[in-house]
Amino acid sequence: MGLYAAAAGVLAGVESRQGSIKGLVYSSNFQNVKQLYALVCETQRYSAVLDAVIASAGLLRAEKKLRPHLAKVLVYELLLGKGFRGGGGRWKALLGRHQARLKAELARLKVHRGVSRNEDLLEVGSRPGPASQLPRFVRVNTLKTCSDDVVDYFKRQGFSYQGRASSLDDLRALKGKHFLLDPLMPELLVFPAQTDLHEHPLYRAGHLILQDRASCLPAMLLDPPPGSHVIDACAAPGNKTSHLAALLKNQGKIFAFDLDAKRLASMATLLARAGVSCCELAEEDFLAVSPSDPRYHEVHYILLDPSCSGSGMPSRQLEEPGAGTPSPVRLHALAGFQQRALCHALTFPSLQRLVYSTCSLCQEENEDVVRDALQQNPGAFRLAPALPAWPHRGLSTFPGAEHCLRASPETTLSSGFFVAVIERVEVPR
């Protein structure tokens with residue numbers, strides 16, 4: 001199935017409540033899930049605008065075999081996207097017959113609403129906020145390459161490498177074909193906002209991982225040395241797992257758990273492309289994993305990134321309207337699960353270091369979960385100071401919460417995120 005047909009299928013599924021955008025994208029069997037997800041999200045964001053243009057241009061009356069959802073995707077690509085990919089084939093020819101009329105109707109809509117930019121046609125809640133202006137962060141996959149080789153490749157393509165950034169202001173100022181190394185994150189390259197690398201040969205070969213800046217924190221802060229045994233408790237879609245494997249240099253073992261079979265299948269493809277060979281995937285509930293199982297007796301490190309409200313993820317608003325402000329009932333349920341998962345992780349007998357992370361902004365899912373878990377294990381574990389140079393710290397809701405990290409588009413040029421590093425307290429002998 002081609003990109004445009006796959007995107008139309010996802011839009012139809014969302015409209016008929018068959019699932020969320022992300023879930024339907026992962027179950028679509030389309031190979032490039034990032035590309036498909038981006039196209040669906042942008043088409044959905046402009047849905048009302050596209051409906052108006054298609055109706056006023058009479059496109060569906062003229063092309064009676066053209067399905068509405070496919071028409072919406074194609075018109076988005078023609079008028080608002082990057083143009084037809086791979087030449088566009090018959091769809092480019094079909095839309096070409098109506099191109100002048102569609103462009104005229106879009107221009108007429110702007111005049112009618114008194115705006116000059118496409119973005120200004122959106123409802124306020126759908127307009128790009130700070131997150132849409134974030135730089136493009138690209139993690140170098142050290143299982144397959146190194147930063148120097150990647151930098152040289154981009155330089156040969158006409159990009160200008162500016163070295164390591166000295167501050168976030170350097171990242172904010174990026175334009176054109178300039179790129180930098182992140183000031184705090186090793187192996188993380190930074191390109192201007194809206195840089196599209198989904199079709200780049202290094203990405204397609206698994207040499208690059210497109211990953212949010214804050215999403216790189218959990219594996220980096222867990223920092224398991226090569227040869228370690230690690231549990232990735234809620235692993236899909238797999239970017240953090242591949243990061244762990246890179247830190248391990250594929251030496252050791254990662255036990256990765258997730259309950260969603262389709263997400264695990266996509267994750268297996270992602271890990272194979274990234275060259276990961278030290279990971280054992282299991283379709284299993286982490287809460288049902290026995291800490292006394294001999295397989296896990298050498299697990300010293302656990303990464304726990306459980307299901308959460310996603311209130312720090314701007315894209316979640318497209319899938320779940322209101323996700324930015326989850327209801328008290330939903331928060332209570334999520335926090336209960338998160339606390340059970342964290343307390344369960346702390347029962348693994350050889351555990352030395354754990355990273356707990358969420359893409360939530362809510363205190364109930366973050367500081368409160370960590371505080372309660374530590375209180376249930378008095379004297380056994382403590383919060384470790386994490387990345388002192390990181391500017392955004394945990395909320396001061398209990399002593400030591402400043403050791404936690406928070407992230408946001410405004411303060412750290414990333415999605416909303418929370419990270420806590422928990423270490424076992426060594427008992428004096």
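From the backbone N, Cα and C atoms, a Cβ is placed for every residue, glycine too.
Under the heading N-acetylglycine, Swiss-Prot lists GLY2, citing experimental evidence as support. In three-state terms derived from DSSP, GLY2 (N-acetylglycine) belongs to neither a helical nor a strand segment and is classed as coil. Under 8 Å, Cβ to Cβ, and six or more positions away along its own chain, GLY2 (N-acetylglycine) finds no residue.
The phosphoserine annotation in Swiss-Prot covers SER167. For SER167 (phosphoserine), other Cβ atoms within 10 Å of its Cβ number 9. In three-state terms derived from DSSP, SER167 (phosphoserine) belongs to neither a helical nor a strand segment and is classed as coil.
Neighbour list (LYS240 (S-adenosyl-L-methionine binding site), Cβ cut-off 8 Å, at least 6 residues apart, same chain): SER215, PRO218, ALA219, ASP232, LEU303, ASP305. Feature annotation from Swiss-Prot assigns S-adenosyl-L-methionine binding site to CYS234, ALA235, ALA236, PRO237, GLY238, ASN239, LYS240, ASP258, ARG263, ASP305.
For CYS359 (active site, nucleophile), other Cβ atoms within 10 Å of its Cβ number 22. What Swiss-Prot lists as active site, nucleophile is CYS359, and the listing cites sequence analysis.
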Students should find that the Cα atoms of ALA236 (S-adenosyl-L-methionine binding site) and SER167 (phosphoserine) sit apart, in Å rounded to an integer, by 32
Set of same-chain residues at least 6 away whose C-beta sits under 8 angstroms from CYS234 (S-adenosyl-L-methionine binding site): PHE257, ASP258, PHE286, LEU304, ASP305, PRO306, SER307, ALA341
Rounding to whole Å, the Cα atoms of SER167 (phosphoserine) and GLY238 (S-adenosyl-L-methionine binding site) are apart by 29
Cβ-centroid neighbourhood (8 Å) of the S-adenosyl-L-methionine site, CYS234, ALA235, ALA236, PRO237, GLY238, ASN239, LYS240, ASP258, ARG263, ASP305 excluded: ASP232, THR241, ALA256, MET267
